[in-house]
Amino acid sequence: MGGGKVSDEELDFQVRIEMGETSMSRNDDLEELSKMTKTSITPFVLAFRNLSYSLNTSKEMSLPSSIFCRKDTGKVDKSSKEKILLNDISGEAREGEILAILGPSGSGKSTLIDALANRISNESLKGCVTMNGESLESGVLKLISAYVMQDDLLFPMLTVEETLMFSAEFRLPRSLSKSVKMARVQAVIDELGLRNAANTLIGDEGHRGISGGERRRVSIGVDIIHDPIVLFLDEPTSGLDSSCAFMVVKVLQRIARSGRIVIMSVHQPSSRLVCLFDKLIFLSQGETVYYGSPTHLPLFLSDFGHPIPEHEDGAEFMLDLYRGFEDIPGGTKRIVEFNKLRQEVIENQQLELAYSNGLGVSIKQAIVSRGKLVGIGQTSTIFKFANPFWVEIIVLVKRSLTNSKRMPKVFMLQIGGVVFVGCILASVYWQQLDNTEGGIQERIGFFAFLLTTIFFGCTDVLAVFLQERYIFMRETAYNSYRRSSYVLYHSILAIPSLFIFSILLASLTFLPVGLNGGFSSFLFYFLTIFASFWAANSLVSLVSGLVSQVMLGYIVIMPTIGAFLHLSGFFVHRDRIPSYWIWFHYISAVKYPYQAILLNEFDNPNMCLVEGVAPNKSCLVTGLDIIRKQDATDLGKWSCLWITLAMGVLYRILFFISLSFGRSRNKRK
């Protein structure tokens with residue numbers, strides 16, 4: 001598992017790759033698929049002109065126009081105080097070729113990938129990105145492209161085939177039969193050389209699974225399942241040994257040759273990898289120091305006055321050369337200007353030739369004629385998502401259950417925690433709560449502790465979502481499913497487990513503690529516990545959408561729950577809360593279930609808790625007296641229950657908003 005060792009299957013695959021013997025499987029379903037993926041006569045060329053990007057871009061530099069094809073393509077003023085990440089970058093990537101972006105750390109490789117993939121906000125990026133000379137709409141680019149992140153973001157307890165099949169169900173339209181989708185999955189498995197690992201779990205630190213090289217190829221497979229035209233990859237060889245890295249790039253070469261544009265960043269490629277690239281862009285501090293074919297690099301360096309020494313790798317020599325220039329202020333200016341002069345004539349000729357075949361044919365028409373598995377119908381209408389939201393929810397639920405059922409210990413530990421708390425409470429209060437003043441106070445304290453346990457116990461939701469955050473970001477960035485579908489699935493999946501926790505906790509505590517009211521009171525007690533679990537789970541989900549780290553989430557949620565509890569009415573009665581804090585009392589998620597349980601227990605005019613002495617035995621303390629003493633008279637118990645449930649819904653809506661506009665949007669500012 002990991003990238004250090006190469007398995008027998010990978011060695012066999014490497015041999016077959018180098019001999020050119022790997023191929024897509026053929027069957028009856030693939031015949032239908034092949035009709036949809038046939039190569040177009042018109043080649044696709046992705047061109048980018050004068051891309052410039054800096055942090056904290058001033059208003060004078062930002063434009064409200066579309067992210068692709070802006071009117072102002074001027075250069076960034078290098079005398080400004082902003083940190084320049086890209087400065088006047090131009091080039092093109094052609095169908096059937098790999099464009100590799102090289103450079104040391106901080107040179108702008110990932111930033112350029114993000115710029116081309118529409119992952120930088122409209123106001124910050126300047127320049128123009130076109131396909132066959134036509135401006136690309138953001139929606140079209142999402143449909144025809146895929147972005148493979150540097151980290152392998154996969155569910156550990158799914159097999160390779162299941163992982164790709166779920167991706168197919170998200171990205172391929174519902175009109176395709178399941179057999180066609182499975183045929184596409186099998187074709188991708190063969191294309192990536194994953195046949196021997198098809199039924200192996202992905203694995204993680206605690207579960208043995210596939211190797212690092214196979215994991216990287218699965219990550220690529222997830223993003224090419226819908227047969228995109230453009231494939232962006234951020235350092236796909238990072239963390240892999242030389243053999244695994246070669247296999248991954250060799251697979252990418254075959255993917256490009258099958259009729260796709262592949263654009264990738266590489267940190268320190270070996271000479272074997274450089275031979276697989278069709279074009280190179282060397283970046284230095286956000287500027288281009290070389291753009292062209294690897295075969296032309298020796299001539300470029302020779303003309304520049306720094307020929308490559310004999311028996312030395314050209315790419316490594318180039319990197320070492322301008323790294324030395326970077327240590328000198330303005331040291332790279334000469335090689336940057338030399339590269340620009342060299343490109344002026346060659347680049348224009350290449351673009352003119354590239355666009356000549358595409359004139360008169362719109363991008364949408366070209367995509368339709370190509371027959372790619374993307375959401376563009378025969379009338380060139382764009383379908384933002386491949387499936388309706390209810391299909392997305394079903395697939396999300398099915399995937400989560402498939403992954404979770406292979407880790408039953410997690411759910412059993414949660415059940416065990418609820419049972420343990422319930423048994424502890426039952427044993428502590430077993431036949432101990434009488435109707436004395438002390439017994440009544442202990443009963444009220446039991447209610448407060450019960451709700452405290454519920455709210456703090458739901459903080460485990462933080463880790464669950466934050467572990468999936470980057471999978472969610474990757475999948476929603478290119479419209480695998482809607483954010484609203486994810487929130488609904490997240491809510492639907494939580495309800496059954498919360499129901500089980502609630503019935504267990506209510507059953508273990510109601511009778512042993514000696515609560516009053518019979519079955520109807522027990523039913524309301526259970527509903528209040530369920531509403532508390534629901535509100536707590538939703539509140540923690542909201543926090544998980546606002547933060548990016550588990551520890552930061554705990555720092556936010558723990559004081560919040562503590563404040564809700566403190567101002568719920570148990571520690572400080574409502575009439576004693578300062579006027580400038582009373583608003584927090586009414587937004588406290590603990591106030592309403594606490595008050596609902598109090599009313600359920602004591603809101604009975606016939607309840608006598610303390611009787612007087614003989615002979616009259618008049619009632620000295622009634623249930624209503626306790627309600628008034630606790631200042632819980634502003635709302636009825638059913639109103640408190642509905643408000644608690646409604647607060648859970650409100651937190652879910654805010655959770656959706658945080659995913660739509662917060663840190664979970666996979667886009668730079």
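Cβ atoms are placed via backbone N, Cα and C, with glycine included.
Listed in TrEMBL for this protein:
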type: DOMAIN; residues: 71-310; note: domain 'ABC transporter'
type: TRANSMEM; residues: 410-432; note: transmembrane segment
type: TRANSMEM; residues: 444-466; note: transmembrane segment
type: TRANSMEM; residues: 487-510; note: transmembrane segment
type: TRANSMEM; residues: 522-540; note: transmembrane segment
type: TRANSMEM; residues: 552-572; note: transmembrane segment
type: TRANSMEM; residues: 641-661; note: transmembrane segment
### Residue numbers, six or more beyond the limits of the transmembrane segment (522-540), whose CB comes under 8 Å of its CB atoms
450-451, 454-455, 457-459, 461-462, 491, 494-495, 498-499, 501-503, 505-506, 510, 515, 553, 557, 560-561, 589, 593, 596-597, 600, 637, 640-641, 644-645, 647-652, 655
### Task
Count, for each of 444-466, 487-510, 552-572, 641-661, the Cβ pairs lying under 8 Å from the transmembrane segment (410-432), and report the range with the highest count.
487-510
### Message
If you count every Cβ pair below 8 Å, which range out of 444-466, 487-510, 641-661 shares the most with the transmembrane segment (552-572)?
### Response
444-466
### Message
Cβ under 8 Å, sequence separation of at least 6 from the ends of the transmembrane segment (444-466): give me the contacting residues as numbers and ranges.
### Response
414, 417-418, 421, 425, 429, 433, 472, 490, 505, 509, 513, 529, 532-533, 536-537, 539-541, 543-545, 547-550, 553-554, 557-558, 561, 564-565, 568, 570, 589-590, 593-594, 597-598, 601, 626, 630
#### Entry: Mean of the pLDDT scores, which run from 0 to 100, over the domain 'ABC transporter' (71-310)
86
